[in-house]
Structure formats: C-alpha cells, structure tokens
Amino acid sequence: MKMLRALLLCLSLVFFLAFQIVVSEIQLGSKLVVGENTLWVSNNGDFALGFFNPPGLLNRFSIGIWFNSNSIPYDQRKVVWVAGAGVVVSDNSSYFELTRNGELVLFDSLLGVPVWNSKTNRFSVSSALLRDDGNLVLLKDREEIVWQSFGTPTDTLLPNQKFPAFEMLRAASENSRSSYYSLHLEDSGRLELRWESNITFWSSGNEVVKKKKKKKNIGAVLTSEGALFLEDQDLMRPVWSVFGEDHNDTVKFRFLRLDRDGNLRMYSWNEDSRIWKPVWQAVENQCRVFATCGSQVCSFNSSGYTECNCPFNAFVSVSDPKCLVPYQKPGCKSGFNMVKFKNLELYGIYPANDSVISQISSQRCKKLCLENSACTAVTYTNDGEPQCRMKLTRYISGYSDPSLSSISYVKTCLDPIAVDPNNVSKESPVTVTKSHSICIPCLVGATSTTLVLFLGFQLGIVVYIYRRKKKLAKKKAERFSKATNPKGVMIFSVDEIKAMTDNFDNNIGPQIFKGVMPENELVAVKEVEATLTEERKFRSSASKIGTMHHKNLANLEGYCCELGRRFLVYEYAKNGSILDHIVDPLRSKKLTWRIRTDTCLSVAKALCYLHMECREFVSHGNLNCGNILLGEDLEAKLTEYGFGLCAADKDVEDFGKTVLALITGRYEPEGVVSEWVYREWIGGRKETVVDKGLEGCFDVEELERVLRISFWCVQTDERLRPSMGEVVKVLEGTLSVDPPPPPFACARSSPTNSSESSQSLYEP
C-alpha cells in the first residue's frame, strides 16, 4: 500500500512538472506550444500564462493569464488577460514565443502566419517576467519595463492595475467575436459603459474635470482592499470612488470585470464557499443594461433573476429563429394593426436611433406609426411629459416589468381571415316526400338554349372589356407622353426614348444608352426589367426619386413605363462607371488613391442620405461598381437607387464589397475578393491587396481604416454591420473603428471543424 502511494505521488509530481514551469525570468527564444500543455507561472504560483480553451470553442486555443493558486479549484480559475483580446489558433503545433528580437508572437501553424504580436522588436528587450501581481512584462536590460499586459487590458482589471484615460475594456463574447459592450474612461474623469460605440447606458457620475481643463493624467484603479477609485494624479487624491461590500476585509484575490452581459462587477474570492462573489456592480437593475437580452425582452422571474423572452412569437413565422418584430411587407393588402403590450418598454438596437416625438397622445403615436412604412413599433410613456418613441427597425430589445408605465404597440399585418372548416355550416338533409315524372327532352333543350345564351353573353362582355382596356391604355399613354408629373419628373413614351437614343444606337454599358434631350442635354437611358416591380410601384418609386437631391446621387430626369417596357433617364456622367475603369487597365490609371477614397466617402454619404435623411427610408437594393458613375471631375454619383426593396444592412453589405473591389481593382460579385483581402489583412500583408496600378501610391493608415470598416460591413451576422452614418464618420476620420472579427466562413481556423466558424483572429 505504501509503495502504491509513493508511486502515485511520483506520478503527480511528474504531471505537475510537465504542465507547469515556474520561472523567475523568461529568456529570449522561450516558447509555449499548444500540444505540449506547458505554462509560464509567476514566482508565487498565483498566476499562470498558457493556452486554454475559450468557452464553447472546441479545438480552439487562446493564450492568456489566469488565477493559478492552489486554493482556487480549476473550474474557478478565471482568465484575467488574453493576447489579442480573443485571438484563437487551432493546430497543436501553434505556439506563443518570446522571439530573439524581443517580440511576443502568437503563431498559427495552420494558417502559417502570426496572428498577434507585441510589436516590441525595436525596444532591445532582454527578457520577460510574469510578476506576482499577474502582470506580464517585457524588460530592457532586465529592469526597464517596455511593454506590459497591464497596459493592454482585455475585460479585466487586477488590483493596482492602472486604467488611464482613453483606455478601454471590452467584454468577452460567447462566440469569441468582438463584444458589443465596452468600458471607457473619458478625459473628463468619467467612466462610461457603452453598447457598440454610440450608446452610453451607465456613467460614474458628472464630469469631475472641467471641459477647459481636460487632461490625460486621470486614471482608474482597483485597490487590493476592494475599492474602485478615479484618481487625479495632479491632485494626488480620488475624485470618485465606490466600495465593494467586503471593503477592507481580508481577501487575497479580487478583480474587476466587464461581464458578457454588459455589466461591470467587482469580484472577491470567498475562501469559505470557494466561489467568486460579486461585491459590487455598476448597473443595479440588469434589465437596464442596454440590449442585455439582444433582440429579446428582459424581465425578472419570481426568483428575482433576469430572463429573456420573445413577446413577438405569436406574430412571426415559426421558421424564423430570431426574435424580431413582424416584417412589414409592402404588399400587405389587408392593412395593419397595432398590438398593445402593457408595462413594456421597447427600443431599437440595429440601428439604435429611435425617433422621439414629445407632447403627443397615445392615439396619435399609434397613427404616426401606421402612416410610416418604416415604423415597426412604438413605445408611449407619460411620466409628466407625454413621449412617443418610434422604432424604424425589426431589431428591437426591451424591458418588461409591472412597475413600468410604458405601453408599447407593435405593428402587424392583418392577413385575410381564412374560413375554418370546422365552422362551416352543413346543409340540412332534404327529405323527398313525393316523386314526379320528368320530361327528359324538354330538360335537355332548355339547358342547351340557356348555355348558348350564357356563353354568348360572356363573350360579349370579354370583347367589351378588352376594347375598353385598350382604349384606356392608349389614353393613358397619351396622357403620360410628353408630360411632367406633379413632382417635376418627365414621363416619356417608348417612341420618345427611341428618338432620344437614336433607336438605341449608342450603347455605353449593359442596357445603358447615351441619349440627347430636345434641349441638347446629354442623358443616360437605362432599360430595366419590367418583371422587377409592378407598373404602379415603378411609377410611384420614380416619382419619389425625382424629389431627391444630393450631390452624390445622379439626378433622375424622367422615366418611361409603356408597352411592357421601362426606362430610367439619368443625367449623363462623362466618365462612365467605376466598373468601366476597374476592368480597363488604361482607364484604371485615372483612379488615383485619392479618387478611390473620395469615391468610397461619396457613396457612403449618398447611402446615408437615402437611409437616414429622407422623409422615409429608401434602400438602394443593388449597389455595385456598375451603378456608381463618375462625373466630369471624377466625382461619384449613385444611380438605380430607390427601386430595390431591402433592409439597410443589405445595402451596407453591398457597400463593403464595393469598397473592397475599388481598393483592390478586382471585381468579383460572389465575394471571393472580400475573403482573399481578409486573409491578407489578418496575415499582416494588407499592402499586397491594393490595386497594383497605384504603384504603391497610397496612405497606409487610411488603407487600414478603409479595410476595417469594409470588413465590418460584410459581416455574416447582419447585426454587427454598422449604419451608413457610422461608416461616413469612420471614413472621415472622426470615429475610430475597432479591428473586426472574421466576417466570412473562410476565416475559420480549421477546415475540419466547419461548425466552429468565424473565430476572432485580429490584433487589439
């Protein structure tokens, strides 16, 4: 028995030594390999650095630091830092190395490229060290810190870790993609919790630094005693503070984390219960965390815990896996109804810009939604000031609670009521009491005569209707010909279109012809398929488009809808389309880097105008390089807008693909170019994707910004795509853009695991 115990003890020691390497100093050339399961451990053993499996990602590995104390069970050893904010590798031969030139590098052997590095090869790094406080540092001359993990936090702060102004924590997400939630410290001295980039749903209070005196030497810090301070280093004192409920208690381990549900919490290790206990949280009511339930509604159950549910299931198809408000089909011929939900507060999340109308009644609020084709739901509140919040998206989140006075109304289509076969009244049985003799020849003669008269009458009606329709159609054509509708758009006949284009003799593109108006004004005439939209909708759309004016939209001069053919007459663009230039090596030389980036911005502004600045939402529906024209000064003008019916996110996706085609000089509608560009970008070879015709004349920083926003636009999950307003700000340089998660199936790390798709391979 003693021999067996001794053997087990030896095996345990061998196992421990095989998986942990306690080092006081990490030498250049040191390496951790996925398949070897080795660790770098701090001197006190409280922290370890190594590869781990992110939750829910089978055969995927990230490199990070976690609590490693023997007093903490393995399932409670929380990760406190991850290289690259969630970068994953998949092959067992992938590794993390402190290279000879002083860089920390995470290398994916399957892709054959480094997917993250510390970018410290110019700092004369001599060694690395995982300190007892959990900070991984790179040292110059074994003393001076030139890089530290505390300086690149992910979602967690450890005691005494500084959180300076303009720094950010980003919550982890279940699929390892970049999360929607982030924590920011403004230079005004205020901590802010944000959803995406523009929704602040919690802050630490009023600004503590006056606007004229904003400065960078203000920071947040979690103390080992369990307090969170905002410190002004000039004043040498806290300007804001909160305390955990166990403040000043003897607790060995603490951390502050931005959790996946969007709330900021302070945790302490409880030795008695052997669990991490939350001792403070920023948002007391979890349902007040913006979009904490995604596109569902948050509420509290009888046990006091939050739960997410979908109140719209009764109005959507059972085949729709998402909880979305009903799709407002334009062809709903039976009208719309507003379904009432008491004690429910709704708000749009994609995009998160509800239209707010004050001093209004609930009836008027509902009516406005019914009159607006883009409106999907409204929330009405009257807490002293009546307010109507109109949602213009199907992606809606909310909060339900009996204490809420809010009333929400969801727009639904009134489908025709089908006849219930169970309610159809059955005929009463007829009892024949007496039989009579029947004259068969008389019956046949009468029936034949009646049938002939009936058919003759029907034939007469058909002939009359046909002749009347033909006459009305002729009058209608004459009425529209050589006319202008009330909104100023010319309406032409087919004969006029033929005369204008010299019988379609001058073809300048696919179904596009050069024409001359009677006033010698040059125009471009585009023939569109008559099957795309019915005549009434085509005329309505053309009339509406004629009222739109933006410098980056080609003016619609007129249209033709006659004899089964449809034409659009646009102002003439001298230099043709972007597609004409991309496919022609000689013409592509006109597209300098500045022209290309200006074109991206111009198209973004045009789409932003259509989506957000018109009285009603207008989609493009078919954006591509072929319908972006270049005027005399090579200024972009968008055509064929307003006739396609689609959601905003489809236009955003098409925009991203178009931008990538413009930057690379390669046009592939199937999206092959987009996937290739992403692989090059993630491999650190972004310069190779630029059109060779530019001969290296481009701005690297601008290229990075354009590629990042393009990858966000083409995300497979449409909820991750930005609004066109955000795209404009990014391209203008007034809004920063985070590194995007892999947008395509091609960005998977392993071809053998197709179910585990789209993992994050980006730099922080």
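Every residue gets a Cβ built from N, Cα and C, even glycine.
What Swiss-Prot records for the ATP site is ILE508, GLY509, PRO510, GLN511, ILE512, PHE513, LYS514, GLY515, VAL516, and among LYS498, LYS526 the residue it adds there is LYS526.
In Swiss-Prot, CYS298 is paired through a disulphide bond with CYS287, chosen from CYS287, CYS310. Here Swiss-Prot annotates a disulfide bond for CYS369; of CYS375, CYS388, the partner residue is CYS375. If you compare Cα positions, ASN353 (N-linked glycosylation site) sits closest to ASN198 out of the glycosylation sites ASN92, ASN198, ASN301. The two recorded residues ASN198 (N-linked glycosylation site) and ASN92 (N-linked glycosylation site) have their Cα atoms spaced 40 Å from each other.
Comparing local CB density within 10 A for the glycosylation sites ASN248, ASN353, the maximum falls on ASN353. Contacts of ASN301 (N-linked glycosylation site) defined by a Cβ separation under 8 A and a same-chain sequence distance of 6+ are given as GLU307, in order along the sequence.
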